[in-house]
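What follows is a short report on a single structure.
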């Protein structure tokens, strides 16, 4: 038979490149709830549709202002006043929309998920299963981190399998851990975090200024009409209904965007996030992140934004893809209750009720399997006494229980099929007991024959 020559180094490299090309990109295998556009160049939240409503609420009143108010100022009064007013309104609106898209379409500071849980701390448990002491693997729920000389507790994230950095929180809407998590804003359809908080505040503040701009020149139009026609203010208002609509609309809207601007101005001056302000109440205890008003503002506006920790257009590594397929989601987190059979990290915790149910199912399956095995091995058992036959059935039942138990407690869809240690201990003890009993029974039968 002809055997071809082994592949050369260049052929191996080409095959490796072809394998990498077949692997999906990061944004295609993303486990969060985000929506990507332009092949992973833009990342949005799952509620990105609300972004169109926000754009409409900004563009519609500005369009009415340019068509009915700024144009009236330009035509009936002075082009030197009307044209600059219209141009500034259009440019201000474009600037506001750019800030909106930058806030909504970029990575807010998502912390990449771990492909596997961190190493656990081993400690001895006092419980004994099968006469042997069991060692349990344990991940602490929280860890202490030193921040500016103060101790801050960081929590373990069950979904991302990592200890969250300080000021990081898991967004339940986007299903991601976000650094310096402030809140999830439904109006921009994105989380507000470390990498887009600056642009979020600039968007809110510029929207407030745009509202005040349109509100002010709507009143200027009314006053111009009153002075030109020498009529009362109410009569002048009836001659420009668009100005009245804009004044009412902006009067309602400015309470929201203006109030939000003032609230976040307070948060920045004290170096807090919205999440921390509502959750921890730093006014009742020391804030480890507050370094003074000037330094706090420098941190927000005059520091470089860290690069994204996620390369959404990169290929998923083959090792990580294999781990995601084999490990699955059977990890026992430190936030879950302690379980009886939690010996190895990554196994599904087993409670006493579940263990009892598995044992009963194992008895039924063990009895059926043992009966078939006895029927097949009648020639081997021969004229064995009923006691020894019962010992044989019970031993086979224990083996079937152990097999059923490790089959049900396997890790993930394609993970380890290793039998759990305490099940092996119970099976070994009962097998040893049955072997000793069988040996003594055989010796007694031989003595009786003699």
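Please read every residue number as a count from 1 along the shown chain.
Cβ coordinates are placed from backbone N, Cα and C, and glycine is handled just like the others.
Checking the ranges 172-195, 244-267, 268-291, 292-315 against TrEMBL, the transmembrane segment annotation falls on 244-267. For the ranges 24-48, 124-148, 199-223, the feature annotated in TrEMBL as transmembrane segment maps to 199-223. In TrEMBL, the transmembrane segment annotation falls on 81-102 of the listed ranges 81-102, 323-344. Within its own chain, the transmembrane segment (199-223) has Cβ neighbours under 8 Å at 58, 61-62, 65, 69-70, 72-73, 85, 88-89, 92-93, 95-96, 99-100, 102-103, 106, 182, 185, 188, 192, 233, 236-237, 240, 242-243, 246-247, 250-251, 253-254, 257-258, 260-261, 264, 268, 300, counting only residues six or more beyond its boundaries.
Long-range Cβ contacts of the transmembrane segment (244-267) within its own chain (Cβ-Cβ under 8 Å, at least 6 residues beyond either end) map to 57, 61, 64-65, 69, 201, 204-205, 207-208, 211-212, 214-215, 218-219, 237, 273-274, 277.
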